[in-house]
Amino acid sequence: MSNQSSQAEIVRNSLNRRYRKERRFRLYGMLAIFIALAALATLFVDIIYKGHSGFVKTTITLDVPLDPEMMYLDDPTDADQLSMADFVAPIIAALQEHIPEAETAGQKRELGRLLGSYAASEVRDLLENNPDLLGTTQTIEFLAHDRVSTYVKHADNPRYSIKLSEQQQRWVDQLLEKGVIDTSFNDVLFSRGDSREPANAGILGAIVGSLLTMLVTLAIAFPVGIAAAVYLEEFAPQNKFTDFIEVNINNLAAVPSIIFGLLGLAVFIGLFGMPRSVPVVGGMVLALMTLPTIIISSRAAIKSVPPSIREAAEGVGASKMQVVLHHVIPLAMPGMLTGSIIGMAQALGETAPLLLIGMVAFIVDVPGGFFDSATVLPVQIYLWASASEQGFVELASAGIMVLLTFMISMNALAIWLRKRLERRW
Amino acid sequence: MNTMNPSISAEADMQDQGPAIPVRENNPEDTVIEEGKTVGKPFAADPKFKLRNVSVSYGKDRAIKDISLDIGRNEVISFIGPSGCGKSTFLRCLNRMNDSIDICRVTGELLLDDEDIYHSKRDVVELRARVGMVFQKPNPFPKSIYDNVAYGPRIHGLANRKSDLDDIVENSLRKAGLWDEAKDRLDSIATGMSGGQQQRLCIARAIAVSPEVILMDEPCSALDPIATARVEELIAEMSESYTIVIVTHSMQQAARVSHRTAYFHLGHLVEVNETNKVFTSPEHQLTESYITGRFG
C-alpha cells in the first residue's frame, strides 16, 4: 500500500517537471513565431515607410500662354519651325506670373529648373497635335523636377539632401501656397516605362515584361513539369536510370539560379542565336529554374493520392492511363497547382539569371510582345536601387511594394485554388 | 545475473518463463507441411477457376507455395488462415492485382474458364471486368454515388445512352441493397456515407460491370456488426449469380457465408473442404488447431 502511494507521489512530482518542460517547449515555439513575424513586420514597415512617397507625384499647373512671338513659331505644322521653336519661354512666362521677382536671365533659368526636363516637349507635343491652340492660353499640368519633388515630399527628412538653392526653395514655398505646386497619386508610375528622370519613370514596362516572361515560364514549366512528375511516379520502371534522373532533378532544385542564366546565355543566345533581353529567353531560363520545384511538388502530390483509390479503379478494370487521368491527376491537382504557383512566385522574384541574358538593359518602351526588349520587376527594382538620383530610391521601394503585392496575390491564389479544388473532391 | 550482459540475461529470462506456457502435445508450429499437398476436396467438377501449382514470390520470399485449387461456378469459397499466410496474395492473383508490384512473380497455371489469365497476350483490363474486387477498407471514389457506380460501365463503354447507364446504376445499387438509402442522394458525395454504406457501394460498383467472379478481401473487417450482417446477407443473395471468393479473418463469417472453406498456412494451402466439414471435423491437424483458436 505504502509502495503504491509513494509511486503515485513520484509520478505527481515528475508531472510537474513534465508540464514545465512542455510550457518551455511551447514558449520556444511562440518565440520563433514572434521573431519571424517581427522580421516580416519590420520589413513591411520599412518598405512602406520608404516607398509610400513613390506613389505620390509633384505637379506644377500653369496657364501657359502659347504666344507665337514668344516661341518664334507661327505654323505648328511645319516640322522645321517646330524643331527651332522655343517652348521654354512661355513656361517661364507662366511661372513669372506667380513669381514676379524673377527677372534676370539667371533667375529665369533657375525658375525653369523647377520643372522636369520634359516640360518643353510636352508643350511641343500639345501644339504639334493641336495646331489651333497657337495664340491661346492653356492650363497644363507639368511634372515637377525631381529636386522640387524631393523638397516638397522630404523637406523635413534628414536622409534626403535638398538640392535646391535658397531662392528656389522660397519660390517653391510660394507656389505651394498658391496651389500651383501640388501632389497627387502617381499615375505616371503605372502608365510608363523606365526613364532617366525619376519623376517620369514608371513601372508599367517592367510589369508587362514580368507578365510576358511569366507566361512563357508557365507555358513551358507547368506542362513539362507535370508530365515528368506523372511519368516518373506512375510509369517509369524502377531501375538505376530512373534513380539517376531522380537524383539529378533533386540536385537541379539546389543549383544557384545564376547558373541557369549562364546556361541560357550559352545555349539559347549563344547556340540558338535568340535575341538578348527578350521575355521569351527570360521565360525559358526561368522555366528551367522552376521545373525541379514543380516536378518535386507534383510528385509529392501524386504520392499522397491514397493507394486505395488506385486499387479501386484498377479493380473495376480501369487501364493504367485511366487510373492516372480519372483519379490520380484530379486528386493530385491541388498539390500540383500549389507547387507550380509557388515555383512561379519564385521565378517572378528572380533577378540573377535575367541579368546574364541581358534583361537588365535600360528600356523606356513598354514591351508589346514576347520578342520585344523588356525588363522585369525585380530587375527594374535593382536598376532603380543602384541609380544615383535620390528620386529613384523611393521608386525602388514603391517597386518592391508592387512586386510584393503580385507575390502575395499569387500565393493567395495558390491557397484559394487548393481550398476550392479540395472541397470539390 | 548482474555480471551477465543484457542480451544473455534476456534470453535467460525467456527460458525462465518457458514452463509458464502450457506445452501442448502436438504443437502446431512443429507440424511439417508437405509442399503442394492439400487435404480435403480442392477440386471441383465444373470449375470457374482452375488453379494448378501456383507459386508467388516477392523477390526471394515465397509467399505462395505450390497451390492447386478449383473454384466452382457460383460457389462462395472463403479463404481463412492466420495473418501473413498468403490468402490475400493468392486472392489478388485471381484478377492480377499483384501486377502493379514490380518484384511480385506468379508462376503456375491459372485458368479462368480454361483460359490462362497470366498469358502474355491476356488483357488485364478485360480480366478485371470479369473478375471484380471489393477491398478491405471501403474505398469509394471521392465522387458522387452515381458516378462511383457508373464509373466501371463508363470506362468499358457498357452503356450507350444515359438511360441505360441509369438502369445499370439502379440495378447495381438494388443488388447491393443500397438503392432505398441512396436513391434520393445519388448526386451527393460518396465519401460522406457511413462505412457500411460505403462498402455496399463498393460492391455495387464492382457488380455494375457485371463480372462473373467477385473477389472480396476481408470486406467486413472495417465494419460494425450490423453493417457486417448486411454485407453477409448480400453475399448470400449474390451467390446465386456470381462466383464469390472471400478472404476473411472471422471464422464465423466463413461458416455463415461460404460453401467451401480453404485453410492457408504459411503460404501453403493446407485444407479445402465443405465449410461445415472444415469447422466440425477438420482433417488436418493445423486446421483443427486454427479453428479451435490455438493460434492465429
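Our numbering is plain: 1 for the first residue shown, then up by one each step along the chain.
Placed from the backbone N, Cα and C atoms, the Cβ positions cover glycine too.
TrEMBL lists A:27-49 (among others) with the feature transmembrane segment. Sequence-distant contacts of the transmembrane segment (A:27-49), counting only residues of its own chain at least 6 positions beyond either end whose CB sits under 8 Å from a CB of the stretch, comprise 397, 400-401, 404.
Positions annotated as transmembrane segment by TrEMBL: A:201-232 (among others). Tertiary neighbourhood of the transmembrane segment (A:201-232): same-chain residues 188-195, 242, 245-246, 249, 279-280, 282-284, 286-287, 290-291, 293-295, 298-299, 301-302, 324, 328-329, 336, 340, 343-344, 347-348, 354, 359, 363-367, 369-370, 374-377, 379-380, 384, 391-392, 395, 398-399, 402, 406, selected by CB-CB distance under 8 Å and a gap of 6+ residues from either end.
Annotation comment: TrEMBL describes A:207-414 as domain 'ABC transmembrane type-1'.
What TrEMBL records for A:252-273 (among others) is transmembrane segment.
If you look up TrEMBL, you'll see A:280-302 (among others) marked as transmembrane segment.
Under the heading transmembrane segment, TrEMBL lists A:322-342 (among others). Using a Cβ-Cβ cut-off under 8 Å and counting only residues 6 or more beyond its ends in the same chain, the transmembrane segment (A:322-342) has close neighbours at 218, 221-222, 225-226, 229-230, 234, 290, 293-294, 296-298, 300-302, 304-305, 309-310, 313-314, 410-411, 413-415, 417-418, 421-422, 425.
Annotation source TrEMBL lists transmembrane segment at A:395-417 (among others). Sequence-remote contacts of a segment are chain residues at least 6 beyond its ends whose Cβ falls under 8 Å from one of its Cβ atoms, and for the transmembrane segment (A:395-417) they are 47-48, 50-52, 54-55, 186, 189, 198, 201, 203, 206-207, 210, 334, 337-338, 341-342, 344-345, 348-349, 377-378, 380-381, 384-385, 387.
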Near the transmembrane segment (A:252-273) in space but 6 or more residues beyond its ends, with Cβ under 8 Å, are 281-282, 284-286, 288-289, 291-293, 296, 350, 352-358
Where else in the chain does the transmembrane segment (A:280-302) make close Cβ contacts, counting only residues six or more beyond its ends and a cut-off under 8 Å? 209, 212-217, 219-222, 224-226, 228-230, 232-234, 249-250, 252-253, 257, 260-261, 263-264, 268-269, 274, 328-329, 332-336, 338-340, 342-344, 346-347, 350, 353-354, 357, 359, 370-371, 374, 376
